[in-house]
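As structure tokens, the structure follows; a few thoughts come after it.
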Amino acid sequence: MMSEDGYNTDFPRNPLYIFFSDFRSVLKFDELGLEIARIALPAALALTADPIASLVDTAFIGQIGPVELAAVGVSIALFNQVSRIAIFPLVSITTSFVAEEDACSSQQDTVRDHKECIEIGINNPTEETIELIPEKHKDSLSDEFKTSSSIFSISKPPAKKRNIPSASSALIIGGVLGLFQAVFLISAAKPLLSFMGVKHDSPMMRPSQRYLSLRSLGAPAVLLSLAAQGVFRGFKDTTTPLFATVIGDVTNIILDPIFIFVFRLGVTGAATAHVISQYLMCGILLWKLMGQVDIFNMSTKHLQFCRFMKNGFLLLMRVIAVTFCVTLSASLAAREGSTSMAAFQVCLQVWLATSLLADGYAVAGQAILASAFAKKDYKRAAATASRVLQLGLVLGFVLAVILGAGLHFGARVFTKDDKVLHLISIGLPFVAGTQPINALAFVFDGVNFGASDFGYAAASLVMVAIVSILCLLFLSSTHGFIGLWFGLTIYMSLRAAVGFWRIGTGTGPWSFLRS
């Protein structure tokens, strides 16, 4: 039986039922559907804004020259790779911890307000005013007296700032990690670039080192911004991060041509524009956050550094496992030759870009689930997991149809080479056909994080990576290009399977499904 809130009030004993519960209501805009949409849509838009801005950024840099474009490309790849190690654990953990603390704090405030109202004789704690004039005399009062009597109404006290220790912890950790990353990349820029294949006598070395060193100055702003985004996600507010992201990206796009062409700063101007935009974005997010959270009035005993570091290490292992699988597949494609690498890169970028849309549902699921688990509202937890997984599956099928048709006719946008186009057509069935599996795998990530099941999420992904690496090595050696895509299909299928197994067996935080 469905409640008006959008979740099933009957609690089945078979955990597998959660995947099929109320599937007919998957697109219904009830209370739960609207809450998911309010979180998922801005989150997906914010996630897609940065890649679009990067494309525009790349277009401006490409006007300087091919050497500068290649140099900046290597520097950006290195910067993003180092950043990813810290970003993913920081944002994921912050979202869950803040959502849990905010839910518990709201419950405590409700109970405290209820007790205070009972003590002063108010039966309904939600009333904003106390009636001072008997009902039977209201009709005889003049309008003037009614107006003047309103001064006796009890007004609401000003809203207090939230006291969320995890928010302060995340910002401190983000700031420290950002400073460490900046020092590391600036001091080790030359050897790191050499490791990436840029030789010391290459014409790319000087512009790539200059760009990386300047870009690294923005690392503290990047990590602080993402920590703040994690806090807002925990509050189920993805609109504020979207606003800050758009402002920052637009600023970057405006400053790029000014610094690059008007001031003739070249690569230096591109890096400077990016750093300015990052600090602007960081400033907006911190300003908005300080209006809602008391981030400074926090004793050290309430900060949760140990909890952050423990779960952060688990997710770090997970990030390394995921990154290694994708990097290995690209490396194996490169060994097949430039034609295979070009086709693989086009297919891979399209394959990964579509995941950003599914990540919107993952963010929504994580925030709502973390709040529900903190309140021990297991019916809402089950309903939320069911709904976001079903929405992810529907999205996957829609993307499969769009990519199946779009990439078939639009592949020439990426290349004119007939050999590359032929290989893209071979990879197309995998890119399009795996979209439902990919979407489920990414949404399962959000579901696991929302349940604070970080240990299982890390351990299962490491096991998946080991099996997938063996499959990639074997299949690429026996079947070449198509073998790589068979291997990646196995990898994503296993990622979805371990998520399905955890909930379907009713183990870990999902044991309530069996009770």
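Glycine too: its Cβ is placed from the backbone N, Cα and C atoms.
According to Swiss-Prot, the topological domain 'Cytoplasmic' annotation covers 1-35 (among others), on the basis of sequence analysis.
Using a Cβ-Cβ cut-off under 8 Å and counting only residues 6 or more beyond its ends in the same chain, the transmembrane segment (36-56) has close neighbours at 29, 76, 229, 233, 236, 238-239, 241-242, 245-246, 249, 252-253, 256, 353, 356-357, 359-361, 363-365, 367-368, 384, 387-388, 391. The transmembrane segment annotation in Swiss-Prot covers 36-56 (among others).
Annotation source Swiss-Prot lists transmembrane segment at 59-79 (among others), citing sequence analysis. The list of residues near the transmembrane segment (59-79) in space but at least 6 beyond its ends in sequence, with Cβ under 8 angstroms from a Cβ of it, reads 185, 192-193, 196-198, 203-209, 211-212, 215-216, 219, 256-257, 260-261, 266-267, 270.
The topological domain 'Cytoplasmic' feature in Swiss-Prot is assigned to 80-168 (among others); the stated evidence is sequence analysis.
What Swiss-Prot records for 169-189 (among others) is transmembrane segment, and it gives sequence analysis as the kind of evidence.
Residues or ranges marked as topological domain 'Extracellular' in Swiss-Prot (evidence: sequence analysis): 190-211 (among others). Here the topological domain 'Extracellular' (190-211) has long-range neighbours at 67-68, 70-72, 74-75, 77-78, 266-268, 270-271, meaning same-chain residues at least 6 beyond its ends whose C-beta is under 8 angstroms from one of its own.
Residues or ranges marked as transmembrane segment in Swiss-Prot: 212-232 (among others). When Cβ-Cβ distances below 8 Å are used as the criterion, the transmembrane segment (212-232) is approached by residues 46, 75-76, 78-79, 83, 86-87, 90-95, 98, 164, 166-167, 170-171, 173-175, 177-179, 181-182, 185-186, 189, 192-193, 238, 240-241, 244, 268, 271-272, 274-275, 278-279, 281-282, 285-286, 288-289, 293 of the same chain, each at least six residues removed from its ends.
The annotation topological domain 'Cytoplasmic' is assigned in Swiss-Prot to 233-242 (among others). Averaged across the topological domain 'Cytoplasmic' (233-242), pLDDT in this predicted model comes to 97.
Summarising the annotation, Swiss-Prot assigns transmembrane segment to 243-263 (among others) and lists sequence analysis as the type of evidence. Residues of the same chain lying 6 or more positions beyond the ends of the transmembrane segment (243-263) and with a Cβ under 8 Å from any Cβ of it are 46, 49-50, 52-53, 56-57, 60-61, 63-64, 225, 269-270, 272-274, 276-278, 280-281, 284-285, 288.
Sequence annotations record features per position, and here Swiss-Prot assigns transmembrane segment to 267-287 (among others). Remote same-chain residues near the transmembrane segment (267-287) are listed as 57, 60-61, 64, 68, 71-72, 171, 207, 210-211, 214-215, 217-218, 221-222, 224-225, 228-229, 232, 240-241, 243-245, 247-249, 251-252, 255-256, 258-260 (criterion: CB distance under 8 Å, separation of at least six residues from the stretch ends).
Below 8 angstroms of C-beta separation, residues 89-90, 93, 97, 161-173, 228, 231-232, 235, 240, 244, 452, 454 of the same chain, each at least six residues beyond the ends of the topological domain 'Cytoplasmic' (288-312), sit close to that stretch. Under the heading topological domain 'Cytoplasmic', Swiss-Prot lists 288-312 (among others), citing sequence analysis as support.
Residues 81, 84-85, 88-89, 92-93, 340-341, 344-345, 348, 352, 454-455, 457-458, 461-462, 464-465, 468-469, 472-473, 476, 481, 484, 487-488, 491 of the same chain sit 6 or more residues outside the transmembrane segment (313-333) yet have a Cβ under 8 Å from a Cβ within it. Here Swiss-Prot flags 313-333 (among others) as transmembrane segment.
Proximity of distant same-chain residues to the topological domain 'Extracellular' (334-349), defined by a Cβ-Cβ separation under 8 Å and at least 6 residues beyond the stretch ends, is recorded for 326, 411, 414-415, 417, 419-421, 423-424, 426-428, 430-431, 476, 480-481, 484-485. Residues or ranges marked as topological domain 'Extracellular' by Swiss-Prot on the basis of sequence analysis: 334-349 (among others).
Swiss-Prot lists 350-370 (among others) with the feature transmembrane segment. Counting only same-chain residues 6+ beyond the ends of the transmembrane segment (350-370), those with a CB under 8 A from a CB of the stretch are 32, 35-37, 39-41, 43-44, 47-48, 51, 92, 95-97, 99-100, 103, 233-236, 238, 326, 380-381, 384-385, 388-389, 391-392, 395-396, 399, 403, 407, 431, 434-435, 438-439, 442-443, 445-447, 449-452, 488.
Annotation source Swiss-Prot lists topological domain 'Cytoplasmic' at 371-390 (among others). Beyond the topological domain 'Cytoplasmic' (371-390), the same-chain residues lying 6 or more positions past its ends with a Cβ under 8 Å from any Cβ of the stretch are 5-9, 11, 18-19, 21-23, 25-26, 32-33, 36, 99-104, 107, 236, 361-362, 364-365, 440, 443-444, 446-447, 450-452, 503, 509, 512-513.
Taken from Swiss-Prot, the feature transmembrane segment covers 391-411 (among others), and the record attributes it to sequence analysis.
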Give residue numbers and ranges for long-range contacts of the transmembrane segment (454-474): same chain, 6 or more residues beyond its ends, CB-CB under 8 A.
93, 311, 314-315, 317-318, 321-322, 324-325, 328-329, 332, 445, 448, 483-484, 486-488, 490-491, 494-495, 498, 502, 508
For the topological domain 'Cytoplasmic' (502-515), sequence-distant contacts whose Cβ falls under 8 Å of one of its Cβ atoms, 6 or more beyond its ends:
12-13, 15-16, 18-19, 373, 378, 381-382, 385, 447-448, 451-453, 456, 460
Quickly jot the same-chain residues contacting the topological domain 'Cytoplasmic' (233-242) by Cβ under 8 Å, restricted to those at least six beyond its ends, or write none.
35, 38-43, 45-46, 49, 91, 94-102, 164, 166-167, 285, 288, 292, 363, 366-368, 370-371
